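Participant: Residues or ranges marked as Zn(2+) binding site in Swiss-Prot: C7, C10, C26, C30.
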Amino acid sequence: MSLTVKCPTCQTPVTWNAEAEFKPFCSERCKLIDLGDWASEKNAIPVKPEFAPELLDQLGYDDADFFLDNNPFEDDKNR
């Protein structure tokens, strides 16, 4: 028994079985359109930031030497 789903791009009915080459898409064209949407960030998975962006400003993250001054892997002799 096969399942029928809608193509995520154009909503055309697609039979979901082993022979469906582009599942869940109806065609390579729809598959590539979807890929392009992800690549251009038109599609995105929403993520809540773990911290407030204002904290980066308070830490001096925007200063040019932030990473140079806070590198734990570099000792003062290598500068």
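Each residue, glycine too, has its Cβ placed from N, Cα and C.
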Participant: Within its own chain, what residues at least 6 apart in sequence put their Cβ under 8 Å from the Cβ of C26 (Zn(2+) binding site), listed in sequence order?
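Facilitator: The answer is C7, T9, C10, T12, P13, V14.
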Participant: Quick one: give me the count of other CB atoms within 10 A of the CB of C30 (Zn(2+) binding site).
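Facilitator: C30 (Zn(2+) binding site): 19 neighbouring Cβ atoms within 10 Å.
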Participant: In the structure shown, which of the binding-site residues C7, C10 has the fewest other Cβ atoms within 10 Å?
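Facilitator: Minimum Cβ neighbour count within 10 Å, taken over the binding-site residues C7, C10, occurs at C10.
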